[in-house]
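Written out below as C-alpha cells is the structure these notes cover.
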Amino acid sequence: QQISWTPLLVLGYLFYLLLGAMMFQLLEKQAETHFRDQFQMEKLKFLQNYTCLDRQALEQFVQVLMEAWEKGVNPEGNSTNPSNWDFSNSFFFAGTVVTTIGYGNLSPSTVAGQIFCVFYALFGVPLNLALLNQLGKGLNAHLITLERWVQKPGRAQVQLAIFLTAGTLLFLVFPPLVFSYVEGWSYGEGFYFTFITLSTIGFGDYVVGTNPNKHYIPVYRSLTAIWIVFGLAWLALVFNVGADLMEKFLQMKWHKPDLNLAEGATIKLEDEPEQPRIHIPS
C-alpha cells in the first residue's frame with residue numbers, strides 16, 4: 001500500500017520557508033535599523049559641516065551615487081579605475097550569465113547589450129547545463145551509485161568520502177583563503193562568497209575583482225569563472241545526493257510495502273543491476 005508523501009513534502013517546504021523568514025527577520029532587521037539610523041546621522045553631520053548645501057541637494061547627490069552603482073560604476077576612486085567591461089571582466093560577466101548566478105552588481109546598460117544578453121542567455125544556459133551534465137557524469141563515473149552504496153556498503157563508502165572531502169577542500173575550503181588574501185576579506189566572508197556563488201544564489205554583496213583600490217592580475221576574474229564552472233558541477237552532485245537521501249527517507253517512512261510482493265520485489269532488485277543516475281539542477 002502506497003501513501004502519498006507529496007502533501008507532507010509541500011507542508012515541510014512551506015514550513016522551512018516560514019522558518020527562514022522568521023530567522024532572517026530576527027537576525028537582520030535590528031541591524032538594518034541601526035545602519036539606517038547611522039546613515040541618517042551621517043547625512044545630518046554632512047549638512048552641518050557644509051552649510052552651503054541643503055537637504056535637497058544632498059539627496060540629489062545621493063541619487064546620483066545610487067544610479068552610478070546600479071550602472072556598475074563604483075563611486076569610490078576616480079575616473080582612472082579599471083573598466084568593468086575590459087575582456088577579463090566581460091569574460092567573468094558572461095560566465096555569470098550562462099551559469100544563472102547573476103550577481104546584480106553589473107548589467108548591460110545599452111539596449112543593444114540588453115538584447116544581446118537575452119539571446120546569449122537563451123542559448124548559453126542550455127549549453128552550460130549540457131557542460132555541467134557531462135562534468136557531472138565524469139565525476140559520477142568514479143563513484144558507486146547512491147543506491148548501491150546504501151545497499152552494499154564497503155569500498156564505495158571510502159570512495160564517496162574521498163570524493164566529498166576532496167571536493168570540499170578544492171571548492172569550499174581553499175578558495176576562501178585565496179579570496180581572503182586577494183580581496184582583503186575575512187575567511188568567513190570568503191567562504192560565504194564561495195558557497196553563495198557555487199550554489200548560483202549570487203546575491204552580489206561580495207564579488208571578486210571589484211575593489212578599485214586593489215590591482216588585480218588581468219586573468220584573475222577569468223580564472224575565477226573557470227573555477228566556478230567546475231565548482232558548480234561538484235556542488236550540484238552534492239545537492240543531488242542530498243535530494244536522493246531525503247527522497248529515500250520520505251519513501252521509506254511513508255511507503256508501506258505489500259508483504260505478498262516483498263519477496264518477489266527483493267529478488268527482482270537483486271537480479272537487475274542498478275544504473276547510475278545523475279541530475280544536475282540549474
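Every residue, even glycine, has its Cβ placed from backbone N, Cα and C.
In TrEMBL this protein carries:
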DOMAIN    80-137  domain 'Potassium channel'
DOMAIN    169-247  domain 'Potassium channel'
CARBOHYD  ASN78  N-linked glycosylation site
TRANSMEM  6-27  transmembrane segment
TRANSMEM  112-132  transmembrane segment
TRANSMEM  158-178  transmembrane segment
TRANSMEM  190-208  transmembrane segment
TRANSMEM  220-243  transmembrane segment
Residue numbers, six or more beyond the limits of the transmembrane segment (158-178), whose CB comes under 8 Å of its CB atoms: 139, 142-144, 149, 185, 187, 189-191, 193-195, 198, 227, 230-231, 234-235, 238
Chain residues outside the transmembrane segment (220-243) and at least six past its termini with a C-beta under 8 angstroms from it: 88-89, 91-92, 94-96, 99, 101, 128, 131-132, 135-136, 139-140, 146, 164, 167, 170-171, 175, 182, 194, 197-200, 208-209, 278-281
